[in-house]
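Engineer: Here it is, the structure, as structure tokens.
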Amino acid sequence: MELLLGWGPPPCSPTPTADVLRLALSLLLLRAPPCALGMPSCKEEEFWTGAMCCPKCRPGYRVQEACGEFTGTMCVACTPGTYTAHLNSLRECLPCPVCDPGLGQVTRRKCSTQTNTVCGCGQGHFCVRQDGDSCVQCRPHSVCRPGQRVRETGTEWQDTLCEDCQPGTFSAGGTQESCTPWAK
């Protein structure tokens, strides 16, 4: 039997390739704690400015000027129509959204400098998309078709549920909760 060239495993090299070295370095950096990479480890109530850890601003305030070597963070109150709800390092307060009655929304809680607006759905609408406490998309309740009755009336969180009338009964549809027997 003769050995054919080109068959079999490639010869091993005692020198690692650049790809192997890059992979090893990447894996090492992924396992390294942030401080080992030259990044600071600020407390949860602080933020990194590029030079030091500074105290965050309290809810209802934003950063006007980050701290310095001998000064603390300068925070200013949010203006009406804006807010911050948590400790933060924001340079601008967040804008308060407005609930849109044209989309079936109603205001459940007005925005303050420390809390966001909470929108809900008005009469005859239900929520189809929620973001935290607020409904961001309302849809009108379904209207039952002729030959159906309302099984469950719609709420702010659920559409109207319809079901077919039993044989021998009918409905004109809409919002009827019971079907009417056919007259003989």
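Backbone N, Cα and C define each Cβ position, glycine as well.
Since this is a predicted model, take the numbers as computed values, not measurements.
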Engineer: Between Cys67, Cys93, Cys96, which residue forms the disulfide that TrEMBL gives for Cys78?
Structural biologist: Cys93
Engineer: Between Cys144, Cys165, Cys179, which residue forms the disulfide that TrEMBL gives for Cys162?
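Structural biologist: TrEMBL annotates a disulfide bond between Cys162 and Cys144.
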Engineer: Taking all residues of the repeat 'TNFR-Cys' (120-162) together, what is their mean pLDDT?
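Structural biologist: So the average pLDDT across the repeat 'TNFR-Cys' (120-162) works out to 95.
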